[in-house]
Amino acid sequence: MQNETSDTEFILLGFSSNPALRLCLFGIFSVLYSATLMGNALVFVLICLDYRLHSPMYFFLCHLSIVDICYASNNVPHMLRNLLGQGRTISFAGCGTQIHFYLIFALTECVLLAVMSYDRYVAICHPLRYALIMNRRMCLTLAAVSWTFGFLFGTLQASLALHLPFCGPCEVDHFFCEILAVLKLACTDTTANKVLILAVCVCFLLFPLALILISYLRILATILRIRSAARWHKTFSTCGSHLTVVGLFYGNAIFMYMGPESGNSSGREKVLSLFYSLISPSLNPLIYSLRNKQVKEALLKLQRRKRVF
């Protein structure tokens, strides 16, 4: 192995070496990736075209769709090439780019989901002041804070990891350059990097999750006082979708980055990473569209407009 880390090439081991299984996985993951792109793009277009969806909740949902598209596109295309036997190697610069954007989009989504819970809290617990609190300036500020925090802390983590010396053979036991898998190849002590990862997990996983739980406890206390069945249904429709996404995202993240290490940790990391890269981004549009009446109405309106033209 050459001494200059910038000249290093990493080998992504990916999934099984069985050609039939790899071809089967390629077909499944291709369908999920296409569903991710089309589903999130459709949500984005619907929100932009339908004036009834020009509200804070859908503004943040629009940002979530952008994050999901970018997050999946950062990892999945190279994984699909790997499954076809054409993309096992990746340059140091390419690996660093994957780590950098992977962290940016993951951390941004952590903050964004907490922001969305705050929006639901204000809408349900303070409905008369909702328009005043969640004004345009506040929405833009919260979205900017989500992206800025994700960029700053993602860049910090990626920079520290990529300045480490790596020893051969540089075989990453993963389907993309995931930071935990890459750190295992370092020739030096990575305790500082792991401590930083733990600190970031506390700040971006446990703290936002606590805020989300507090928000929904306050929401629960409020809706228990609601006597209207229609308002009950509307409240559970919007909040249920968000809670489902929160459960999928934070549950997998905490189990992956803060759970105990096991003998088959690499296999566990691959499975859990699939939730971030494919399953969760492909399910988000489905969860929000099927459980939300306004989104379904906007979709029907778009279909009728196409028939007219």
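The backbone N, Cα and C atoms fix where each Cβ goes, glycine too.
Copied from TrEMBL, the annotated features are:
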DOMAIN    39-288  domain 'G-protein coupled receptors family 1 profile'
TRANSMEM  20-49  transmembrane segment
TRANSMEM  56-74  transmembrane segment
TRANSMEM  99-118  transmembrane segment
TRANSMEM  139-156  transmembrane segment
TRANSMEM  195-217  transmembrane segment
TRANSMEM  238-259  transmembrane segment
TRANSMEM  271-290  transmembrane segment
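With pairs at least 6 apart in sequence, the transmembrane segment (195-217) and the transmembrane segment (56-74) have fewer than 3 Cβ pairs within the 8 Å limit; the two do not touch.
Within the chain, the transmembrane segment (139-156) has long-range Cβ neighbours (under 8 A, six or more residues past its boundaries) at 56, 59-60, 63, 100-112, 115, 118, 196, 200, 203-204.
Sequence-distant contacts of the transmembrane segment (238-259) (same chain, six or more residues past either end, CB-CB distance under 8 Å): 57, 64, 106, 109-110, 113, 116-117, 120, 123-124, 180, 197-198, 201, 205-206, 208-209, 212, 216, 219, 268-269, 272-273, 275-276, 279-280, 283-284, 287-288, 291-292. Sequence-remote contacts of a segment are chain residues at least 6 beyond its ends whose Cβ falls under 8 Å from one of its Cβ atoms, and for the transmembrane segment (99-118) they are 57, 60-61, 63-64, 67-68, 70-71, 74-75, 142-143, 145-147, 149-151, 153-155, 157-158, 161-162, 176-179, 182, 200, 204-205, 208-209, 211-212, 215-216, 242, 245-246, 249-250, 253, 276. Beyond the transmembrane segment (20-49), the same-chain residues lying 6 or more positions past its ends with a Cβ under 8 Å from any Cβ of the stretch are 14, 58-59, 61-62, 65-66, 68-69, 72-73, 76-77, 79-80, 83-85, 278-279, 281-282, 284-286, 288-289, 295, 298-299, 302.
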